[in-house]
Structures are given as structure tokens and as C-alpha cells.
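Features as listed in Swiss-Prot:
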| type | residues | note |
| --- | --- | --- |
| BINDING | H128, H132, H138 | Zn(2+) binding site |
Amino acid sequence: MILDVVIEDARWDAAALEKQAQEAVSATLAYLELEDEDWEVTVLGCDDARIADLNAEFREKPKPTNVLSWPAQELAAAQDGGQPTPPEVDFMGDAALGDIAISYDTCVKEANLAHKSREDHVRHLLVHGTLHLLGYDHIRDGDATIMETLEVGILGKLGIPDPYIIEDGP
């Protein structure tokens, strides 16, 4: 896998984000048995202001969010609950999966509210973003079930507890 990490907000520790991205993206590809290619992924570590601009520009939602993804290929399943099309290397040998942006502010806020470690939450959001690059989504109920099940399985391989279990406190 070829990973390019771009830091726009100095609060992100470049080495830590690169390590977390490497773990999350690699674990996702391995779980889906897609680790044979040199897939290319770019991760942008930014703040709420930048991700709000991106969210407004690409999704017409002018507010911050935790993570955004831009798949290089259209892989989404046509039917609710269907499997996405596997990614392919193009005729020029390009193995780009796409780009992910993650907001420091929203990530830290969500981790604190959920009483989870920031590191685990970052890895969760990067797994989530990578699944979006691979055609998975959570808009339709059947698709959401598949995506959440994959997230829980991948995070389990990373030693991270199920993020969808609600806990009362620390």
C-alpha cells in the first residue's frame, strides 16, 4: 500500500497519524483480502474549518464532520445490502483508491463524548473512510448493516472494541 499523509493542522502528530492510517488502511485491505496490490490512499489531517469547507464544496453541507472520503472508483453496490464491486488497477497501472480527510476537532470531541481513546477513534474513522473508498456506505439500511459489521470485525483485529456499543461513562 502506498500511503500519503498530509498534515494541515499542527495539532495532528504527523508520525502518529501516519502510523494510525497505516494500521487502519492495511487492516481494512487485509480483512477484505485486497492487500495484494499497491493501493494508493491519501489522508488529510485537518481541522473543523477545513473539513466544513470541503463538506460544503462536495456535499453541500456547510458544517464540520468527522471524516470525508473521495473514492477514485465508483464501486458502490446497486442494490441495498449488495456487495460493492472490487477495485481494479486501471490500464495505466494506477491503483488509486482515493482520498480521506479527517478533522482533529470533531475527532477529539467525539472521542471525549464517547469516553473512548482518541487513537482508537482515529483508527475507527480511518477504517470507516477506507470502506467508503471501497464502495461501502451507510445510507441504506442493508448497506449500513454490512458496513458496520465490517468495521466491528476490522477494529476487532486491531484490538479495538465495538464502537457501536454505548457505554454510560469511563
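Quick reminder: no glycine exception, Cβ is built from N, Cα and C everywhere.
Location within the structure of each feature annotated in Swiss-Prot.
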| residue | record | Cβ contacts under 8 Å, 6 or more apart |
| --- | --- | --- |
| H128 | Zn(2+) binding site | V67, M147, E151 |
| H132 | Zn(2+) binding site | S69, P71, I100 |
| H138 | Zn(2+) binding site | A144, M147, E148 |
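In sequence order, V67, S69, G129, L131, Y136, D137, M147, E151 are the residues of the same chain, not among H128, H132, H138, whose CB sits within 8 A of the CB centroid for the Zn(2+) site.
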